[in-house]
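Feature annotation from Swiss-Prot assigns site 'Important for interaction with integrin' to LYS170, LYS178, LYS189, LYS203.
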Amino acid sequence: MAPVPELTSEMMAYYSDENDLFFEADGPEKMKGSLQNLSHSFLGDEGIQLQISHQPDNKSLRHAVSVIVAMEKLKKISFACSQPLQDEDLKSLFCCIFEEEPIICDTWDDGFVCDAAIQSQDYTFRDISQKSLVLSGSYELRALHLNGQNMNQQVVFRMSFVHGEENSKKIPVVLCIKKNNLYLSCVMKDGKPTLQLEMLDPKVYPKKKMEKRFVFNKTEIKGNVEFESSQFPNWYISTSQAEEMPVFLGNTKGGQDITDFIMESAS
């Protein structure tokens with residue numbers, strides 16, 4: 001067995017004579033105060049039986065103190081015990097031993113956030129004038145009326161729920177054209193917020209914390225939905241009253257521009 005090193009002056013600053021009672025050659029033989037004669041005892045008249053093994057082990061002082069603190073707290077708890085304790089009974093004691101503390105995180109680490117499962121659903125959208133959204137060319141959405149013969153032209157969006165400024169009315173989401181993996185995003189062009197489509201790597205996206213330009217705050221209004229840009233508040237995904245016009249980002253509600261959409265499941 002390797003010799004025990006001498007205590008340095010720095011280590012002595014954390015040394016207490018009481019530590020000698022915990023670590024002896026053949027295990028603890030005596031303890032001061034309320035821990036005396038606990039080799040075989042009960043916590044109260046009817047409680048948890050405590051047995052201390054005198055077999056030497058390699059548990060650290062931290063382990064010993066953790067056990068002692070827990071036992072001291074349990075000794076102060078009074079509860080009825082008309083039958084032997086079961087696992088469920090012991091679980092209820094954890095809240096008496098441990099104190100729950102909130103974890104405050106001011107910033108997100110994408111390395112951890114991306115491990116969380118992304119909830120996604122497939123939908124089609126029509127504006128309240130019954131115009132469907134179709135892909136025109138490679139990177140442009142247009143709104144037009146479709147009939148039974150060409151209904152298959154409407155795009156299917158995968159809507160994913162992500163982190164954002166969520167409240168009781170607004171839900172942060174991203175919208176991706178499922179077939180082409182094109183994401184709706186909001187950028188500033190020529191001094192004006194603009195809606196565009198961006199192709200992203202499906203191995204990376206969607207992720208729980210998306211770049212803000214991709215995030216829309218979804219709000220339900222009388223059975224319909226609207227999508228407000230997170231990057232540009234008070235700017236919404238909009239369509240024109242005219243036929244086959246591009247879908248755009250607008251800041252007018254209740255006027256000529258249409259911001260309310262009918263959402264139908266495509267899953």
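Residue positions begin at 1 at the first shown residue.
Placed from the backbone N, Cα and C atoms, the Cβ positions cover glycine too.
This view paints the features noted in Swiss-Prot onto the structure.
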| residue | record | DSSP class |
| --- | --- | --- |
| LYS170 | site 'Important for interaction with integrin' | strand |
| LYS178 | site 'Important for interaction with integrin' | coil |
| LYS189 | site 'Important for interaction with integrin' | strand |
| LYS203 | site 'Important for interaction with integrin' | coil |
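For the pair LYS178 (site 'Important for interaction with integrin') and LYS203 (site 'Important for interaction with integrin'), the C-alpha distance works out to 14 angstrom. Here LYS189 (site 'Important for interaction with integrin') comes close to GLN196: these same-chain residues lie at least six apart in sequence, with C-beta atoms under 8 angstroms from its C-beta. Fewest other C-beta atoms within 10 Å: among the recorded sites LYS170, LYS178, LYS203, that description fits LYS203.
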